[in-house]
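A short write-up of the structure that comes next.
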Amino acid sequence: MAATRVRCCHSNAAFTRLPLTRHRNSPTLPISLNRVDFPTLKKLSLPIGDGSSIRKVSGSGSRNIVRAVLEEKKTEAITEVDEKGITCVMKFGGSSVASAERMKEVADLILTFPEESPVIVLSAMGKTTNNLLLAGEKAVSCGVSNASEIEELSIIKELHIRTVKELNIDPSVILTYLEELEQLLKGIAMMKELTLRTRDYLVSFGECLSTRIFAAYLNTIGVKARQYDAFEIGFITTDDFTNGDILEATYPAVAKRLYDDWMHDPAVPIVTGFLGKGWKTGAVTTLGRGGSDLTATTIGKALGLKEIQVWKDVDGVLTCDPTIYKRATPVPYLTFDEAAELAYFGAQVLHPQSMRPAREGEIPVRVKNSYNPKAPGTIITKTRDMTKSILTSIVLKRNVTMLDIASTRMLGQVGFLAKVFSIFEELGISVDVVATSEVSISLTLDPSKLWSRELIQQELDHVVEELEKIAVVNLLKGRAIISLIGNVQHSSLILERAFHVLYTKGVNVQMISQGASKVNISFIVNEAEAEGCVQALHKSFFESGDLSELLIQPRLGNGSPVRTLQVEN
């Protein structure tokens, strides 16, 4: 049956009614210039505008999906009309699928939620990404004849072949990929270089292998599953290899592929995390370390799902890194802004960009522990009750380089800051924290954007060389950023307590910055002193009974408290 297209004479809106696969009595779509109402579909209404078209597509059984397609912007919003069909995303990290036994446990965990029909996003098996990178670096200098003998290649092969055998699945699902991996390493050895583009293709083998193994295992235990490579189902990124940004065209492409496959042949989608495809080159790209979280939230937004679950090896987001301080405790609630700041300033639980799709789609993110699924975890939403806690977490970012840039020409000069930051833009270096005065700028550089020890030094030398053309530059290595995340609108009292703690430890704060989002305050200190600072701050902010006084003290007209907070030595 051909589709019928009707154009409304009062606007540019075009409406397409597609033939329905199961429901013959399709409701008439009452058209207005601003909204389209679906009275028989649980009173669902979708706003539209000029240049929009509305399509109603029915799925299998009683399930319906409504799609509002914005033709001009090439974006698509999808709303579930009833509770059946794909319901949530479950993302599992590398430690959660590090062995055959762990994969069995993850499969059992998924089956404990029979009411859910999830999309599963997987990382590479534990330590595989690191081994792939090491193998690539060794291949550059080992020679073609020795590429097959690289230790990390043998470790990768042994792990995946052993896992396949223990899960009792056909080894052919991975053998082709292991052979292709070996040939790639020989190619790197022949060329004697590992470009960013090749590096991304190399590390993609980790997720491609883990998802194929897990999908095959689910099928052997009677759970119908289908494997997907993210770069083949519509994950479109910039061509910034090793750190691609997901483009808006990803959302309708991913939604169409996953929903179309589900409607024709329902099966649990098993999707590679971390990967995409460059929009110009068509080459495999990666989303940066921890990018599987971003894959999960992108799918959640694309499909308009009710929840995104990120399963880790810790009981949710913690008040600090438990390897620094063992008395760290789970944070029950976070806002998207707080979670984004936590991730950006060093918390390893989430990818820095992963909150953006969830925030835009207003989809809750639940961080859970795959080793301890009964733990409540952390729920991340748009807002939370700010009266429940002042701070949510203390984050440490190590290996930070600090730059002091001073110039009397900066005083009253228009465009000086633009010149400084254009240098970083040209060199592709990200800046973390910035503080300015009349004649100087202090800033820190993001270490995650610097590749190796050799490149770090080369890039830093180049930065200093360029900056010295316009200012006096002092480069300070071995620094760390300590960030206090939470409701920092009470910043004066938080600073009072924090500085008292650092003063009693004899620590000199070299720089301080407060984010415009009002959810973080950051201090720069010597890295050697950083862990002790985190421990002392945690004791003061999370283990002191008088912290709640910050919330209940009467305030003066300027917002200041009537009395200062008593701090124990």
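Each Cβ is built from the backbone N, Cα and C atoms, and glycine gets one as well.
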Quiz item: Since Swiss-Prot lists Lys91, Gly94 for ATP, which candidate among Ser117, Ser123 does it give for that site as well?
Solution: Ser123
Quiz item: For the binding-site residues listed here, Gly94, Gly415, which shows the highest count of neighbouring CB atoms within 10 A?
Solution: Gly94
Quiz item: Three-state secondary structure of Lys91 (ATP binding site) from DSSP?
Solution: strand
Practice problem: Using Lys91 (ATP binding site) as the reference point, find which of the binding-site residues Glu207, Gln413, Gly415, Val431, Ser437 has the shortest Cα-to-Cα distance to it. | Solution: Glu207
Quiz item: Expressed to the nearest Å, what is the distance separating Ser123 (ATP binding site) and Val431 (L-lysine binding site) at their Cα atoms?
Solution: 28
Quiz item: Looking at the binding-site residues Glu207, Asp432, which one has the fewest other Cβ atoms within 10 Å of its own Cβ?
Solution: Asp432
Practice problem: Can you tell which of Ser123, Ser430, Ser437 has the least company, meaning the fewest other C-beta atoms within 10 angstroms of its C-beta, among these binding-site residues? | Solution: Ser437
Quiz item: For the binding-site residues listed here, Lys91, Gln413, which shows the highest count of neighbouring CB atoms within 10 A?
Solution: Lys91
Quiz item: If you measure from the Cα of Gly94 (ATP binding site), which of the binding-site residues Gln413, Asp432, Ser437 is the nearest?
Solution: Asp432
